[in-house]
Ligand code: ATR
């Protein structure tokens, strides 16, 4: 019987994780089964308990359970502790282990695009869970300055307070979304505005070389504006592949080649 893996969320139908993990496994000659698991909104803990009791090896966690997964782990990686959210679970010596591979997934995707993060100036739009998960990995990848711009300024300020000790010499700065200006190497849209179809207006006084939209498969006014300016840009599919590669490596100790799966 192949080893069992799954992605758990609610809803779950839209998840691309099974096809990615199956493609990695096929490429690397690994035998696995990777399913989608729908958990009831109040049934996450029971569902993961059942999965591991039945011999499951590893779970990916998606919306809306990443914070609950974080709270249930007996052991967490440093980046998961900082993100306060977990997207990858496994059992070791009877202890539930959790990691968060989303931020490194973004770093992998950016590297595959050939954009350098070393000494970079980055603007992140949004201050929710998606932003929290990527700041530490971006800092570790060499970002010099990260500005977090949010509609609700206090959330961006809180994030800076929470994360400034973790990011070492990377400077963090909070601003309001309607105060955007300055020059950046990279702007990342981590708001959920694209998911709801709402438009973000990037002012002319904001200059940047690259634009990364964390969402994928949706119309994005953020990407439209990047195209209009002629700057290089990407949607979030590479980040999805990038985080899956990190999870795959944790579970199987071999690393798929990102560029083969973009
Ligand atoms: P996630 O975990 O995906 O980051 P979240 O925690 O709900 O989700 O955060 C959503 C982010 O998108 C927040 O930064 C939110 O701004 P507020 O903190 O001011 O609510 C931002 N956001 C959502 N819709 C937006 C819109 N139409 N314009 C600007 N920002 C928006």
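For all residues, glycine too, the Cβ spot is worked out from N, Cα and C.
Within 10 Å of the Cβ of residue 66 (active site, proton acceptor) there are 22 other Cβ atoms, across all protein chains. Sequence annotations record features per position, and here TrEMBL assigns active site, proton acceptor to 66.
Among the features that TrEMBL reports, shikimate binding site is placed at 15, 16, 17, 62, 87, 102, 212, 243. According to DSSP, residue 15 (shikimate binding site) sits in a coil region rather than a helix or strand.
As annotated by TrEMBL, NADP(+) binding site applies to 78, 126, 127, 128, 129, 130, 150, 151, 152, 153, 154, 155, 236. A 10 Å cutoff on Cβ-Cβ distances gives residue 150 (NADP(+) binding site) a total of 23 other Cβ atoms nearby, all chains included.
Annotation comment: TrEMBL describes 7-89 as domain 'Shikimate dehydrogenase substrate binding N-terminal'.
Per TrEMBL, the feature domain 'Quinate/shikimate 5-dehydrogenase/glutamyl-tRNA reductase' maps to 116-194.
Marked as domain 'SDH C-terminal' by TrEMBL: 236-257. Only residues 6 or more beyond the boundaries of the domain 'SDH C-terminal' (236-257), in the same chain, are considered here, and those with a CB under 8 A from a CB of the stretch are 5, 16-17, 20-21, 24-25, 27-28, 30, 32, 57-58, 60, 87-88, 90, 99, 101-102, 104-110, 112-113, 212-217.
A C-beta separation below 8 Å, combined with a sequence spacing of at least six in one chain, links residue 236 (NADP(+) binding site) to 109, 212, 213, 214, 215, 216. Comment: NADP(+) site residues 78, 126, 127, 128, 129, 130, 150, 151, 152, 153, 154, 155, 236; largest CA to CA distance 29 Å, whole number. Separating the Cα atoms of residue 78 (NADP(+) binding site) and residue 102 (shikimate binding site) is a whole-number distance of 13 Å.
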